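Undergrad: Please see the structure below; I have some questions.
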């Protein structure tokens with residue numbers, strides 16, 4: 001069964017209709033390069049303007065009728081519409097850019113798929129506003145963001161009013177831009193160890209990073225990655241290998 005459910009409304013997609021917001025997303029896409037993979041093109045609000053960028057586009061749409069409609073309406077040979085559930089879609093092993101107005105209730109599942117996938121370089125995603133804020137570390141850093149911070153950067157874009165969608169959701173949307181780090185401070189081979197350490201910091205008891213990690217017997221790993229600059233602080237920091245303090249609280253969500 002598709003993760004998007006059965007009826008179109010059950011797919012969770014709210015169509016973007018505000019041209020100002022559409023143009024702002026296209027402007028962000030213009031700052032990237034390479035082929036584009038679009039998640040859930042829906043009515044083609046982003047697909048059609050992106051077709052004028054002169055780049056190959058693969059639009060992955062779970063709704064068969066909408067996929068056929070976009071195919072008929074798109075004259076550009078650069079646009080390929082694929083009828084599939086994005087969560088089942090195999091991403092290319094070559095550099096590409098991810099773009100999408102994603103179903104709010106599938107945001108976490110889609111982000112997990114993307115963060116585990118190789119090759120793509122940038123992602124411009126429209127999601128629920130509060131989720132975009134948390135993923136960007138605004139107000140409170142999440143464990144997911146902290147666990148992937150050595151390999152990706154998360155930037156919060158503009159807030160999108162709920163009136164910009166049809167049907168109108170109960171909450172505002174927000175733009176999140178994710179970029180893959182070209183020269184990460186921690187090798188990807190050490191991802192599991194690093195993420196386990198971050199999980200410990202977010203879930204274990206203690207007054208600060210130093211105390212928590214010493215109690216767990218892994219403080220020397222932080223010292224190694226920080227080249228001796230790791231130190232105990234009263235507030236845990238989401239990006240452990242970096243000695244630059246950050247502000248805000250943390251959340252395990």
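Quick reminder: no glycine exception, Cβ is built from N, Cα and C everywhere.
According to Swiss-Prot:
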{"type": "BINDING", "residues": "14, 16, 40, 61, 85, 101", "note": "S-adenosyl-L-methionine binding site"}
{"type": "COMPBIAS", "residues": "244-253", "note": "compositional bias 'Polar residues'"}
{"type": "REGION", "residues": "229-253", "note": "region 'Disordered'"}
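Help me see these features in their spatial surroundings.
TA: Less than 8 angstroms from the CB of residue 61 (S-adenosyl-L-methionine binding site) sit 40, 41, 42, 67, 70, 81, 82, 83, 84, each of them six or more residues away in the same chain.
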Undergrad: Please identify, from the binding-site residues 14, 16, 85, the residue with the sparsest Cβ neighbourhood, meaning fewest other Cβ atoms within 10 angstroms.
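TA: Taking 14, 16, 85 as the binding-site residues, the minimal 10 Å Cβ count falls on 85.
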Undergrad: Tell me the Cβ neighbour count for residue 40 (S-adenosyl-L-methionine binding site), meaning other Cβ atoms within 10 Å of its Cβ, over all protein chains shown.
TA: 24
